[in-house]
Amino acid sequence: MGKYFGTDGVRGEANLELTPELAFKLGRFGGYVLSQHETEAPKVFVGRDTRISGEMLESALVAGLLSVGIHVYKLGVLATPAVAYLVETEGASAGVMISASHNPALDNGIKFFGGDGFKLDDEKEAEIEALLDAEEDTLPRPSAEGLGILVDYPEGLRKYEGYLVSTGTPLDGMKVALDTANGAASTSARQIFADLGAQLTVIGETPDGLNINLNVGSTHPEALQEVVKESGSAIGLAFDGDSDRLIAVDENGDIVDGDKIMYIIGKYLSEKGQLAQNTIVTTVMSNLGFHKALNREGINKAVTAVGDRYVVEEMRKSGYNLGGEQSGHVILMDYNTTGDGQLSAVQLTKIMKETGKSLSELAAEVTIYPQKLVNIRVENVMKEKAMEVPAIKVIIEKMEEEMAGNGRILVRPSGTEPLLRVMAEAPTTEEVDYYVDTITDVVRAEIGID
């Protein structure tokens, strides 16, 4: 991670950390870096979610892009993966999404996509950061005829919706409940599933600029769980603020998380011979029950660090077409370059329709082990060295020996905060509590600062 760019673009509290001034510079410098080798007038797509700060930051960002001669196609409110899809399919130089994903409304973010539809690599981000930190802005300042042109492009959203519908199957009146998190999916999810023939109940579809992710969406699926049971829906589908995640709810009101969604889609593709190298890419946070289910089905797995960017890197490097995270990021590389909650939802309902199985039946093939995660505040310098502390190494090894292969322990530093994360999985909650509490007691005694 750089000075400005985190694991998913530039984020911060809108108007305090992520200011219009910074957004202007990101537009100007980011646009230049991503289009400097273009032979024709560069074109950049810009989208945003429903946050009240979105239009403010969009105006500043667009001004920066126009100032270096870039033509800007303004997409309005739509999902992050829609920007990636449109960049790749319509030959744009780049795309920019203004969103802080599942964060509360006071935050916002700016993330870039290259002309291939993928998020930027570290080298491109470093180029932009170098320009941000330069003492003087020496980029070209074209005169009137060289300035960029601003184009409103609402057709982009319709094209994305049509594309997702084309990947699905008719749902013939299937009862579907949607929670669009008062976010980006509020402009598209209803239309997509109506076009597929679903009978819909929708919540989280009245954004006011301040209620994005507020007690709704993939991080707060409780309301959707109740709606599914009350409406008799076959499935509930909860997206986050920018609709790059999906958490599902089965007909009984039970949560189906990213691990189970990946398993269901992966098994379906594997049985059709369409799972590349018969492998799913996942992260170290995926549940042990997910791993055991894959082993039972003979499906391989590749494991990365936490973060969808690392999943995508591994998929691109090795040619895999399915990967994701427990949190609901699912990347279907045959269809899009990034996690796409609405695409995952369309595929999940297609599998239900084609197999004739309920979501609870499909999800029951994965037995999720109880999991507990505790964050311990430590000095930043110590979080990377924790595993070198003898007492910590010894207690982890002791707990792993006691598990005898029927559980899992993960101790890792936070990528963004002065925290050490201690996670354990085991067959019962009592065992999980024992393993985590025993390890955290030692960690706190040795290096904790609480």
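Glycine is treated like the rest: Cβ placed from N, Cα and C.
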Given that Swiss-Prot assigns Asp240, Asp242, Asp244 to the Mg(2+) site, pick the one from Ser93, Ser101, Ser414 that the record assigns to that site as well.
Ser101
For Asp244 (Mg(2+) binding site), which residues in the same chain are close in space, meaning a Cβ under 8 Å from its Cβ, but six or more apart along the sequence?
Ala79, Thr80, Pro81, Ser101, Asp308, His329, Thr338, Gly339, Asp340, Gly341
Other C-beta atoms that fall within 10 angstroms of the C-beta of Ser101 (active site, phosphoserine intermediate):
29
Enumerate same-chain residues with a sequence separation of six or more from Asp242 (Mg(2+) binding site) and a Cβ-Cβ distance below 8 A; give 'none' if the list is empty.
Asp49, Ala79, Thr80, Met97, Ser99, Ala100, Ser101, Gly183, Ala184
Specify all same-chain residues, apart from the site residues Ser101, Asp240, Asp242, Asp244, whose Cβ lies within 8 angstroms of the center of the Cβ atoms of the Mg(2+) site, ordered by sequence.
Asp49, Ala79, Thr80, Ser99, His102, Gly183, Ala184, Phe239, Gly241, Ser243, Arg245, Gly339, Gly341
Just to confirm: which same-chain residues, 6+ apart in sequence, have a Cβ under 8 Å from the Cβ of Asp240 (Mg(2+) binding site)?
Ser101, His102, Ala181, Gly183, Asn213, Gly217, Ser218, Thr219, Gly328, Gly341
